[in-house]
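First the structure, in the form of structure tokens, and then the observations on it.
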Amino acid sequence: MEPELWAVLIAGAAAAGWVDAVIGGGGLVLIPLLLAVVPGLAPATALGTNKLVGVSGTASAAWTLVRRVRPRITPWHVVLALACSGAGALSASLIDAAVMRPVIIALLLAVGTFVALRPSFGTAPAAGGGEVGRWRRWLVLLAVGVIAFYDGIFGPGTGMFLIMAFTALLSQDFLRSAAMAKVVNASTNLGALLVFAWGGHVWWQLGLVLAVANILGAQLGARTVLGGGAKLVRFALLSVVIVMSSLLTWQEISS
């Protein structure tokens, strides 16, 4: 590739890392860019390469956030996310994305409406300090499994759905939920990456270069989250709802 194309992709990977660290959705930046800049790139290779880039940046952001926020995360969350995401990636060819698109649009609009009408949701300073009942812990595991499977099949909005699930089920603020979401999302990316790599759908040379840029963007994004706190995450969540629902609606109409 020409040097200017490399520069575009590296800048895009850094931007995707920042977006992923703040709220998730970096794939919405990088995947279309890969397909536009690299002529003839197979969609599966774009997805697989994006997972390689994404797991690097998300893991980096997770490390930074976890050291500062200390979220409620267990090895079960990580293992379940990895396994279910891998299963989702294996099932991706059996499910038409066009069928899922209207459902995701409806979910996005429901999430956006709920958060917009509940300004205190996820922003209470004392949220997340109490004990969590057993049934809630099981519901969290169920949510992790379902969202991880979705990430393997389709993907857009995974980080946002995780943040919403953790905030609602654990009665904690958006910042703590964002830290948990980064750990789980790194695991879902890894699970899907293993499946794509097994199928030979990863461009390793390109992906490793872009991973470095993604890590730099993710570190900046993690520090942005720590500086802005729960209110910034809330604003970013609503922004992602608007952008994603508009994009998916346009895809639904144009198809």
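Glycine residues also receive a Cβ, built from the backbone N, Cα and C atoms like all the rest.
Some features that TrEMBL has for this protein:
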- 73-92: transmembrane segment (TRANSMEM)
- 98-117: transmembrane segment (TRANSMEM)
- 138-170: transmembrane segment (TRANSMEM)
- 232-250: transmembrane segment (TRANSMEM)
_Could you check whether the transmembrane segment (232-250) packs against the transmembrane segment (73-92) - three or more CB pairs closer than 8 Å, residues at least 6 apart in sequence?_
no
_Within this structure, do the transmembrane segment (138-170) and the transmembrane segment (98-117) have 3 or more Cβ pairs under 8 angstroms, counting pairs 6 or more apart in sequence?_
yes
*asked:* Six or more residues beyond either end and a Cβ under 8 Å away: which residues meet both conditions relative to the transmembrane segment (138-170)?
replied: 20, 23-25, 27-28, 72, 76-77, 80-92, 95, 97, 100, 104, 107-108, 111, 115, 121-122, 127-128, 132, 176-178, 180-182, 184-185, 187-189, 191-192, 195, 233, 237, 240-241, 244, 248
